[in-house]
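Peer 1: Below you will find the structure I want to go over with you.
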Amino acid sequence: MSETSFARPRLVTKKFLPKHQREGDGAVVRRCIGRSELKTLDPFLMMDDFTVSPPAGFPDHPHRGFETVTYMLQGGITHQDFAGHKGTIHTGDVQWMTAGRGIIHSEMPAGEGVHKGLQLWINLSSQDKMIEPRYQELLSKDIPSAEEEGVEVRVIAGESMGVQSPVYTRTPAMYLDFSLRPSTQVHQHIPESWNAFAYVIEGEGVFGYQNNSPIPPNHMAVLGPGNGLSVWNRSSKPLRFVLIAGQPLNEPVVQYGPFVMNTQAEIDQTIEDYHYSKNGFEMAKHWRSH
């Protein structure tokens, strides 16, 4: 991809290796957003690089007030919710779940072996927090992709190389999966007002400025302001990373585990709704995954 200079190139303002921690029932995650190094990055509340093998998993749990985006890197995850929605996403598939006013679901490994993926939590604005839940699911073969001069992109959300994702992002966001062959480079426009980060899946890449030292696998790179990002693969191995950006909501965030609202009163109400199976959690009363 030819050299493109951005008027205001985005540079890496913070990079770190997220440590492993246990989550769910025996799963292991690298928590990229939602820990001491990076509490939140508006509109993003959390991102986990997860690894799970049976019998571990993420048994029945609720959500309210945001979206979860699950992108499978290896294996599969079977999910089922209290509204009777169920299915399995496999390597390269994505599930974009808008929890809205309430979902209770389970996410468990689909079969033996090791299952890996990324799960991102995207906040919803105050006016969208109590909308009806919905799912957008894309099979790997249906994720739009493009390739140019040794650079391939899978467009999970947003637009790149003239290709657009069909995913509707209620909180405006982009989610791009880039693969760069050795000695290639990519220059990606990012809306100036959005917050953005990159996470390296494999290989190592130079981000933002040609003379920077390369960022190795499993590292987070938080990006500063600007209108685009440049990345170079100077190594002899392929580079794969996700570039994720979103429009900040600039609203107060009050979080209690899997509930994210704007005020403590709304959190108290959510806990009551969940406890008494009302206001979006009605179907919780008699439901258990199986």
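The backbone N, Cα and C atoms fix where each Cβ goes, and this holds for glycine too.
Keep in mind that what you see is a predicted model, and the values were worked out from it rather than measured.
According to TrEMBL, the Fe cation binding site annotation covers HIS61, HIS63, HIS105, GLU107. Look at TrEMBL and you will find 29-122 tagged as domain 'Pirin N-terminal'. Residues or ranges marked as domain 'Pirin C-terminal' in TrEMBL: 175-279.
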Peer 1: Is it possible to get the count of other C-beta atoms within 10 angstroms of the C-beta of HIS61 (Fe cation binding site)?
Peer 2: 14
Peer 1: HIS63, GLU107: which of these binding-site residues has the highest Cβ count within 10 Å of its own Cβ?
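Peer 2: Neighbour-count leader: GLU107.
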Peer 1: Please list, in sequence order, the residues in the chain of HIS105 (Fe cation binding site) that are at least six apart in sequence and whose C-beta is under 8 Å away from its C-beta.
Peer 2: ASP60, HIS61, HIS63, HIS79, GLN80, ASP81, PHE82, HIS85, MET97, SER289
Peer 1: Identify all same-chain residues not among HIS61, HIS63, HIS105, GLU107 whose C-beta atom falls within 8 angstroms of the centroid of the Fe cation site's C-beta atoms; report them in sequence order.
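Peer 2: These residues sit around the Fe cation site: PHE58, ASP60, PRO62, THR68, HIS79, ASP81, ILE103, ILE104, SER106, PRO258.
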Peer 1: Could you please provide the mean pLDDT value for the domain 'Pirin C-terminal' (175-279)?
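Peer 2: When the pLDDT values over the domain 'Pirin C-terminal' (175-279) are averaged, the result is 97.
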